[in-house]
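**Student:** Sharing a structure with you now.
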Amino acid sequence: MKEDPYLEVKRHLAREAAALVTSGMLLGLGSGSTSREFIKAVAERKKQENLDIRAVASSKESYSLASSLGIPLIDDEEFINTDLAVDGADEIDPQLRMIKGGGGAIFREKILLQSSQRRLILADESKSVKVLGKFGLPVEISPFGRSSIIATLENFGYLGNLRKNPRGGFFITNNGNYIYDIHTPNVYPHPEEDLLKLLQIHGIIEAGFVIENVEVWLGYTNGQIGKKNTGGL
């Protein structure tokens with residue numbers, strides 16, 4: 001497996017974010033490589049300082065990692081609010097609009113962000129872009145009417161492919177849905193408009209644009225962390 005050139009940046013971001021955690025908190029755990037480092041950093045703090053914390057995970061992978069490291073997890077159907085949600089991003093533009101969902105957990109990730117008192121996105125400098133779209137746009141779609149949904153997407157000009165798993169079958173999300181990765185268009189100067197258009201198509205569960213009130217911490221290889229906030233909560 002190719003070594004991640006930004007692994008140390010992600011670990012630095014994760015440690016700094018884990019320092020925000022205090023006893024009594026309910027955490028929202030995102031998915032992806034940066035979120036994995038945050039989970040590890042939180043588990044280390046819990047072990048060293050005996051923190052009384054609980055968490056909700058956005059994916060089976062994050063759930064398994066947190067559980068294996070001793071972080072108690074609550075029923076993911078019963079939580080109302082979390083104190084702090086921490087996640088990563090695939091692309092972030094200058095207005096802090098972003099694309100997420102490369103790991104296929106965008107639906108759950110957005111619910112955790114929505115429910116949290118504090119929403120923190122951690123990303124290395126490679127995720128900063130002038131215009132969203134180069135990464136591609138993941139869209140979670142219903143298995144029922146799959147071909148019809150895809151035809152509607154194509155009629156709107158959104159061309160892509162159903163994501164495959166390593167065994168060659170269709171990738172299935174934790175909610176039992178498919179991921180349709182849009183590769184055309186590949187630039188989104190006005191992602192709010194595209195998000196609205198996509199969510200009006202019946203059968204689309206969620207789209208990978210994140211346009212929320214969030215904090216963004218951008219980590220650099222020189223050790224610095226740039227901190228920005230879109231306002232709001």
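Any Cβ shown, glycine's included, is placed from N, Cα and C.
Feature table excerpt (Swiss-Prot):
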| type | residues | note |
| --- | --- | --- |
| ACT_SITE | GLU109 | active site, proton acceptor |
| BINDING | SER31, GLY32, SER33, THR34, ASP87, GLY88, ALA89, ASP90, LYS100, GLY101, GLY102, GLY103, LYS127 | substrate binding site |
**Student:** How big is the Cα-to-Cα gap, in Å, between LYS127 (substrate binding site) and the residue listed as 'active site, proton acceptor'?
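**Tutor:** Here the two Cα atoms lie 18 Å apart.
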**Student:** Near GLU109 (active site, proton acceptor), meaning Cα within 10 Å, which of SER31, SER33, LYS100, GLY102 (binding-site residues)?
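**Tutor:** Within 10 Å of GLU109 (active site, proton acceptor): SER31, LYS100.
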**Student:** Are there residues of the same chain, six or more positions away from ALA89 (substrate binding site), whose CB falls under 8 angstroms from its CB, and which are they?
**Tutor:** MET98, ILE99, LYS100, ILE121, ALA123, LYS127, VAL210, VAL216
**Student:** Quick one, of the binding-site residues SER31, SER33, which Cβ has the fewest other Cβ within 10 Å?
**Tutor:** SER33
**Student:** At a 10 Å cut-off from the C-beta of GLU109 (active site, proton acceptor), count the other C-beta atoms across all protein chains.
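**Tutor:** Looking across every protein chain shown, the total is 29.
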**Student:** In the same chain, which residues outside the set SER31, GLY32, SER33, THR34, ASP87, GLY88, ALA89, ASP90, LYS100, GLY101, GLY102, GLY103, LYS127 have their CB within 8 A of the centroid of the CB atoms that define the substrate site?
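**Tutor:** Along the chain, the qualifying residues are GLY30, SER35, GLU109, ALA123.
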**Student:** By a simple count, how many Cβ atoms lie within 10 Å of the Cβ of LYS100 (substrate binding site), its own Cβ left out?
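**Tutor:** Its Cβ has 26 other Cβ atoms within 10 Å.
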